[in-house]
């Protein structure tokens, strides 16, 4: 059977008080609407249409890689009106369509599958995802007669008896596409808000004798984000889920409460994560690594048995058995080899560092290719920028760079070379050479007395 989805993402979200469309606020490093789309796809629904409105172009930009289509809701006149705006997407289709809110990032793949299966197996015209809550204030109520679903009443339109109902509408549904399409033209805005409610479709279908079903799920999954406080709540819930998944897969988190792992991050077994670490984007961390406190790693590949302490690694790769930090900064497009050492207060920018090379402290390497088994003394600087353009430096294998050396790019240093401490290198150093580029020391006798500086 054909399955598709509509994602309602047209609202600005006044309560969140932001210039950014509400659905583009991130939870665990990913936009809420993209959480919804990714979960839909995992549940086996490939055809999705996003209903956009406020900030439409920005929403399209942030979701363009998801292979979705779009419908425009120019005026926000309610959820029913939003689905009406997707009529062209629905027209002529047969099967089942699910409707999701773009601000519900906690919905699970298994719940979506269960909703579809229940809907199809029971041949329902509509199936509502619901939850039981102690305080349903603000939510639409599921009105039943026994176990039979009769209708959904929005909170502001509830009478005294309906307000006592604690089964709430999650705003996630499955519909028979043809029946939904026919019902959209029958919606009315005769209510307190003057809006077209998608929930009224339930009552329309029921009045026509169609079967309406409901699937009850955990309230946590249905939380819609309408404020910064709810955004933080969703972040905390999803963070706990992610951390639990990694611990179940063999990763040790010393303090899960202070460990922030993005939803797309992968971590190998027997890796140990200390407190106050942040892993973001498409980061992959291998097995048997130790990530000590206060590190941030984003969009990077960390191979096996790597030790990292109090460092920042962005869009780079670190080879097996390498150590990084403390207080190292690996900037984008850097590649660090195996068994290397990147020490304290070292900055690597857009450079390749060969296997076994040691850059132990207080060094800047930018736009460089460094061979294997090299050693950098303290205070080395690759001078790669002349104020207009950045230039490349190449350093061969087994080279020794003395302390306080400046390598003025573009420059090439051959294999097995030595550079004396304090040198400023401006031209090629050939293989096997020692380069000394510093002024000869000159001692001026009696200078302190002559200047009257003796104490």
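Glycine is treated like the rest: Cβ placed from N, Cα and C.
Pulled from Swiss-Prot, these are the features on record:
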- 361: active site, proton acceptor (ACT_SITE)
- 8-11, 22, 73, 78-79, 140, 154, 169, 226, 331, 349, 364, 375: UDP-N-acetyl-alpha-D-glucosamine binding site (BINDING)
- 103, 226: Mg(2+) binding site (BINDING)
- 384, 385, 421, 438: acetyl-CoA binding site (BINDING)
- 229-249: region 'Linker' (REGION)
- 250-455: region 'N-acetyltransferase' (REGION)
Taking the residues 384, 385, 421, 438 listed for acetyl-CoA, what is the greatest CA to CA distance in Å, to the nearest whole number? 22
Nearest to residue 331 (UDP-N-acetyl-alpha-D-glucosamine binding site) in three-dimensional space, by Cα, is which of the binding-site residues 226, 384, 421, 438? 384
By the DSSP assignment reduced to helix, strand and coil, which category contains residue 438 (acetyl-CoA binding site)? coil
Cβ neighbour count (10 Å, all chains) around residue 22 (UDP-N-acetyl-alpha-D-glucosamine binding site) is 25
Number of helical, extended and coil residues in the region 'Linker' (229-249), per DSSP: 20 helix, 0 strand, 1 coil
Here the binding-site residues are 226, 384, 421, 438, and the Cα closest to that of residue 140 (UDP-N-acetyl-alpha-D-glucosamine binding site) is found at 226
Spacing of the two Cα atoms, residue 384 (acetyl-CoA binding site) and residue 78 (UDP-N-acetyl-alpha-D-glucosamine binding site), in whole angstrom, works out to 57
What whole-number Å value do you get for the CA-CA distance of residue 226 (Mg(2+) binding site) and residue 385 (acetyl-CoA binding site)? 47
Cα of residue 103 (Mg(2+) binding site) to Cα of residue 22 (UDP-N-acetyl-alpha-D-glucosamine binding site), in Å and rounded, measures 7
Compared by Cα position, which of the recorded positions 361, 385, 421, 438 is the closest one to residue 22 (UDP-N-acetyl-alpha-D-glucosamine binding site)? 385
Taking 10 A as the limit, how many CB atoms besides its own sit near the CB of residue 140 (UDP-N-acetyl-alpha-D-glucosamine binding site)? 27
Expressed in Å to no decimal places, the gap between the Cα atoms of residue 421 (acetyl-CoA binding site) and residue 78 (UDP-N-acetyl-alpha-D-glucosamine binding site) is 72
Should one count Cβ atoms within 10 Å of each candidate's Cβ, the binding-site residues 364, 385 would be headed by 364
DSSP secondary structure for residue 384 (acetyl-CoA binding site), reduced to helix/strand/coil, please. coil
Closest of the recorded positions to residue 8 (UDP-N-acetyl-alpha-D-glucosamine binding site), Cα to Cα, picking from 361, 385, 438? 385
